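Sequence annotations record features per position, and here Swiss-Prot assigns active site to 15. Per Swiss-Prot, ATP binding site is recorded for 18, 47, 48, 49, 67, 90, 138, 139, 140, and the stated evidence type is sequence analysis. The Mg(2+) binding site annotation in Swiss-Prot covers 50, 90, 227. The feature site 'Important for catalytic activity' is assigned by Swiss-Prot to 18, with sequence analysis given as support.
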């Protein structure tokens with residue numbers, strides 16, 4: 001049997017397949033709120049949080065999330081790892097620890113060999129095990145388009161967690177993975193020259209757990225954090241700025257980029273989701289005239305299994321860096337938070 005490349009079987013790859021933020025916002029605005037939320041829900045859907053935090057008996061809480069997507073790479077085992085790491089990331093972004101997970105699978109079992117699906121599931125299971133969680137089952141349907149991910153339950157202190165609403169003036173912003181996965185995934189899907197190297201780079205970063213960042217949140221009691229996924233760095237920073245009523249300033253020259261990303265963007269290679277992100281955010285963003293427009297595109301590039309944005313009070317920056325170094329986790333200082341004043345943009349991109 002001739003097997004197509006996995007990335008050729010879907011319209012969009014990874015988190016770039018998300019519904020555009022403007023469309024999603026309109027749809028969700030029509031849904032009523034459950035009046036019981038106040039009894040159980042510590043953190044819900046109001047501020048576009050990464051996951052929900054729900055009280056359970058005994059004064060404890062769980063953190064709940066779900067994430068799945070189409071292939072971002074052609075290697076099935078690597079795809080499983082990346083998809084699982086991406087789903088687990090939401091728990092880490094809140095300051096929780098993954099506890100158990102369920103598989104979510106869509107697969108054309110009558111068209112592709114079963115061992116491809118087995119490799120996807122094996123990649124996911126290995127990543128769940130690395131996170132210290134337990135895989136306890138799942139659900140599958142037959143579908144023309146391959147999709148895989150996890151529903152993850154984590155444990156969390158109901159009095160110590162990070163959200164989009166916790167930004168404070170002076171907070172320093174740390175980013176724990178480089179940008180550009182949306183661009184590289186588009187190159188892989190298109191079979192661009194050198195796409196095999198791009199796939200390796202996607203695997204290197206996409207399969208990396210955000211566990212070290214979660215440890216920083218817990219040990220230092222950070223109030224604000226998120227992970228960078230389908231709405232891009234700019235989109236997720238803007239969510240935090242809006243939820244916290246703050247202004248976020250990004251030093252674009254400090255942003256870490258995956259290899260070849262800038263060159264690929266210069267050729268016009270950018271996923272449709274990235275264009276949608278930039279358009280949706282444009283009314284709340286100020287771009288300094290000296291900032292390269294290609295870098296602005298990358299700021300809004302739709303990421304898959306991206307790093308955490310950690311908002312760290314100035315007096316805790318050294319401690320945060322020490323924890324990340326002890327975990328051998330990469331990080332970059334990319335900006336800071338300021339008070340929101342009249343005429344001040346929510347998101348400022350400066351050289």
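Cβ atoms are placed via backbone N, Cα and C, with glycine included.
Not measured: the values here are computed from a predicted model.
Following the DSSP three-state reduction, the secondary structure of residue 48 (ATP binding site) is coil. The CA atom of residue 227 (Mg(2+) binding site) is located 27 Å away from the CA atom of residue 140 (ATP binding site).
A C-beta separation below 8 Å, combined with a sequence spacing of at least six in one chain, links residue 140 (ATP binding site) to 103, 105, 106, 107. In this view, residue 67 (ATP binding site) is surrounded by 25 other Cβ atoms within 10 Å of its Cβ, with every protein chain counted.
Listed in sequence order, the binding-site residues from 48, 67, 138 having a Cα within 10 Å of the Cα of residue 90 (Mg(2+) binding site) are 67.
Other Cβ atoms within 10 Å of the Cβ of residue 90 (Mg(2+) binding site), summed over all protein chains shown, number 26. The most crowded of the binding-site residues listed here (138, 227) is 227, judged by how many other CB atoms sit within 10 Å of its own CB. Long-range Cβ neighbours of residue 48 (ATP binding site) (same chain, at least 6 residues apart, Cβ-Cβ under 8 Å): 164, 239, 243.
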